[in-house]
């Protein structure tokens, strides 16, 4: 069991969460303040059924402004963004979007799960998070779709646009993507608990 002290609680972090989430609309991300810890989110979470992930714990830490408890936690990266919690919350807390905002904050601090870095690298390389292979093409054709989706697979010139956006937003720097070698740079995690 981890015990947190008063020094771990920060109103500045609460403000940072709200400021980072402003792009989603006024009051959207600050909806985490309305959570009364009923547990509906945790009970409906598919990740929580097979891991120790507890959605409401992240929201509680956000309410208390416990930055290191959130960004140093693997739990932050266990959410599949399925929106079950979001849809079922009786207080209309925008949980999934809040988790995305918390991930953005963690990534800016150099705290991103390795699997998410690899996915980001794949997006940089191909324009997609999920590869298109012969099995996917066959399945698409069987259900009446074109074998190749109308994305960067079909329009390869658009891939340079995607890469340009990622570079302009400094996403590659944040994730640690070497744009010349198309590999992840080795990055040391900063220990925020000290």
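Including glycine, each Cβ sits where the backbone N, Cα and C put it.
Copied from Swiss-Prot, the annotated features are:
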type	residues	note
BINDING	35, 38, 41, 89	[4Fe-4S] cluster 1 binding site
BINDING	45, 79, 82, 85	[4Fe-4S] cluster 2 binding site
DOMAIN	25-55	domain '4Fe-4S ferredoxin-type 1'
DOMAIN	67-98	domain '4Fe-4S ferredoxin-type 2'
Taking the Cβ of each of the binding-site residues and counting other Cβ atoms inside 10 Å, which one has the highest number: 41, 45? 41
Grab the same-chain neighbours of the domain '4Fe-4S ferredoxin-type 2' (67-98) for me: Cβ-Cβ under 8 Å, and only residues 6 or more beyond its ends, written as numbers and ranges. 2, 4, 8, 10, 13, 16-17, 21, 24, 28-29, 31-32, 34-36, 38, 40-42, 44-47, 51-55, 57-59, 61, 105-106, 109, 111-113, 115-116, 191-193
Can you give me the Cα-Cα distance between residue 79 ([4Fe-4S] cluster 2 binding site) and residue 35 ([4Fe-4S] cluster 1 binding site) in Å, rounded to a whole number? 18
Given a 10 Å Cβ-Cβ cut-off, pick out the one of the binding-site residues 35, 79, 82, 85, 89 that has the most other Cβ atoms nearby. 85
Summarise the domain '4Fe-4S ferredoxin-type 2' (67-98) as counts of helix, strand and coil residues per DSSP. 18 helix, 0 strand, 14 coil
From binding-site residues 35, 38, 89, the one whose Cα lies nearest residue 45 ([4Fe-4S] cluster 2 binding site): 89
Using a 10 Å cut-off, grab the number of neighbouring Cβ atoms around the Cβ of residue 38 ([4Fe-4S] cluster 1 binding site), all chains included. 13
Relative to the mean position of the Cβ atoms of 45, 79, 82, 85, the recorded [4Fe-4S] cluster 2 site, which additional same-chain residues have Cβ within 8 Å? 41, 44, 46, 47, 48, 55, 80, 81, 83, 84, 86, 95, 96, 99
Around the [4Fe-4S] cluster 1 site formed by 35, 38, 41, 89, which additional residues qualify by having Cβ within 8 Å of the site's Cβ center? 36, 37, 39, 40, 55, 56, 59, 85, 88, 90, 91, 93, 95
